[in-house]
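Reviewing the structure listed below.
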C-alpha cells in the first residue's frame, strides 16, 4: 500500500458505517484534511515512508464508533495491529512511529537532544493560539490590531529561535520542524484572507522574517511534506468557509 492512501477521501460522519480494521502491517491515520494537528502525523508517516491509509472524519458530526479510537473524538488517531491498538495525540504519534521504526528516526535518541526538541516545539507552538485569535479577527475588527500583534510576536520569537537552516539544529529538518510546519502553513493560508494582513502571501511570511521565509520555502518544497499537505487554493477556500461558520470538510472533492 502506498503512503497516505486515501488522504483525499470524503469524510465519514455520524450514521456512516465503521470501516473494517486495517490489515496487518498497515497503519491507519484518522484525519481531517485541513487540521494542522492531524497533519503532523501525516507528515511524519510520509517522511518515514510508513505504509498507511487515511480515514477522514467529520469533526462536527463525528461517528459514534470513532470515540472508541479517540476518547475525545479528536484527530489524529493512529490505528494498527488490525484495530487492536490505538495511539492518539499529535505529538505522541510521531514519537511512537520513531520508536516503532528506529531505522528512520527523526526525534533524537539522545535523551538531552530529545528533550530540547520537545521544549523547542512547545515554545514554537505559541503560534497556534495566536493564529486562531487572528483568524477570528478576520470578520471582526474589534481588537484586530492586538491579535495581529500577538501573531507577529510569535513569528518574531520563532525567527530568533531559528539559529540555522532548521529548528533541528542540523543539516536536515527534525521533529520540531515537521510538527510546527502545519501551523505556519495555516497562517500562510490565512494571509490570503486577512484584511490588512501583517504577512505577505507572495513571499511568506515577509521581509521582516528572512530566516523563517527560507525555512518555510524549504519545508514546503519537500515532496514528503507536500504529499501530506493540501494545495494552497484548497486551504484558502476551506478557511473562507470556516470563518463564516460553515466549514466544508470535503471542500474541493
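Including glycine, each Cβ sits where the backbone N, Cα and C put it.
If you look up Swiss-Prot, you'll see 25-105 marked as domain 'GST N-terminal'.
Annotation note: residue 35 (active site, nucleophile) sits in a coil segment as assigned by DSSP. Residues annotated as active site, nucleophile in Swiss-Prot: 35.
The Cβ neighbour count for residue 89 (glutathione binding site), using a 10 Å radius over every protein chain in view, is 18. The annotation glutathione binding site is assigned in Swiss-Prot to 62, 75, 89, 90 on the grounds of similarity to another entry.
Look at Swiss-Prot and you will find 110-238 tagged as domain 'GST C-terminal'.
Other C-beta atoms found within 10 angstroms of the C-beta of residue 35 (active site, nucleophile) number 21, with every protein chain shown included.
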